[in-house]
Amino acid sequence: MSTHLTETWEKAINIIKGELTEVSFNTWIKSINPISLENNSLKLAVPNDFTKGILESRYKDLIVNALKLLTSKKYNIDFIVTTEEKIEKNHNNEKSNIVVNDEMSTMLNPKYTFDSFVIGNSNRFAHAASLAVAESPAKAYNPLFIYGGVGLGKTHLMHAIGHYILHNNPKSQVVYVSSEKFTNELINSIKDDKNVEFRNKYRNIDILLVDDIQFIAGKERTQEEFFHTFNALYEANKQIIISSDRPPKEIPTLEDRLRSRFEWGLIADIQAPDFETRMAILKKKADVEKLNIPNEVMVYIATKIKSNIRELEGALIRIVAFSSLTNKEISVDLASEALKDIISSKQTRQVTIDIIQEVVANYYNLKIEDLKSARRTRNIAFPRQIAMYLSRKLTDMSLPKIGEEFGGRDHTTVIHAYEKISNNLKKDESLQNAINDLNKRINQK
């Protein structure tokens, strides 16, 4: 970067500063860095896509006018997200933790690395297992099956594994694919008579990462093809990593031969983050995105948003945008105003196992203690199974946690209860009515 460009930019932002509130300037303009100036085209580095969008829609003309005032020239402004810039510079031998080896490997998100993953009690085991697999592919745990709710970090860990392996061995053939994309490619290969090419793509590789495997349930041809792909890779001592929103035993209409193979290696779950982890996630996000957020505001967000990381980070960005658009300082009051729709919606649908146990016990004229007891008489065992079924359906609690809430029962007992009620619902109209009634009562709590 030339000294002239640096000096010109510093003068320009001084002009811009006089046109904006301190909040808007610090949030959107301060983080910009000039990259290059060629043929009246100015490239400016920005920290993220969100900032880029705001700058292009609200502040681009302001920047153009400030530069025109200084130089009497009208520049074309091109905002470049810094992460993309780093990837580009990798080809110029700059130090980078991400190695791109071919077209398939570019499916990996450069932001999803082990360094950017925030570790907490809710994901420590899954993180450790993922790192072990990344360090010793096909030697530690094969397959590695990661499951958990939406937005908890499963995809992040899968991409991190891919990046780590490629960093240590750039020649590794790493393929990341969603089960939906796998299915669509299979359909196209059948339609275009390219079965051989399809099989070569997925069987002649070193690492296969398949996201959201639950979506192949009920797709017989996809399951057949994936079964043979799995076998080919496993027998060739290649690493397989799979993610799902539920454990293998709970994926409906999944062939038993696939279910058993998914259970050959290690199964690791990710739970919703606790308060300390939520705070760490927010602080890391603010640091990475160069956002100036008061600590008390992050405490407020972490207290109100508990379900998943995606919503947590989304709340942070929403507050920053709200602050800029209203020209108000970021505070707890502003955060409350910005998130009022999200928080009220969350609060109205928050269901706990305690609520479920209370409603089910009342419905069947039992005590909550009966549902937690060791008694197995039908008048208690059946309502207990219904309560376990509803706990699995309506909460984000893990199977072991649900079992613990019902008198310290094993997670396999919860699975049995869930499967039994699910199967009976298909043919028992009175049970369907009971479940519908219970759902209404739970939602009214």
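Glycine too: its Cβ is placed from the backbone N, Cα and C atoms.
Annotated features, as they stand in Swiss-Prot:
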REGION    1-73  region 'Domain I, interacts with DnaA modulators'
REGION    73-106  region 'Domain II'
REGION    107-323  region 'Domain III, AAA+ region'
BINDING   GLY151, GLY153, LYS154, THR155  ATP binding site
REGION    324-445  region 'Domain IV, binds dsDNA'
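Swiss-Prot feature annotations superimposed on the structure.
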residue	record	contacts (Cβ under 8 Å, 6+ apart)
GLY151	ATP binding site	SER307, ASN308, ILE309, ARG310, GLU311
GLY153	ATP binding site	PHE117, ASN123, ALA126, ILE270, ILE309
LYS154	ATP binding site	ALA126, ILE146, TYR147, GLY148, ASP211, SER243, ILE270
THR155	ATP binding site	ASN109, TYR112, ASP211, SER243
**Item:** Mapped DSSP class for THR155 (ATP binding site), helix or strand or coil
**Value:** helix
**Asked** Tell me, what is the mean pLDDT of the region 'Domain III, AAA+ region' (107-323)?
**Response** 90
**Complete:** Taking DSSP H, G, I as helix and E, B as strand, the region 'Domain I, interacts with DnaA modulators' (1-73) contains 46 helix, 12 strand, 15 coil
**Prompt:** Residues near the ATP site, GLY151, GLY153, LYS154, THR155 excluded, by Cβ within 8 Å of the Cβ center?
**Reply:** GLY148, VAL150, LEU152, HIS156, LEU157, SER243, ILE270, ASN308, ILE309, ARG310
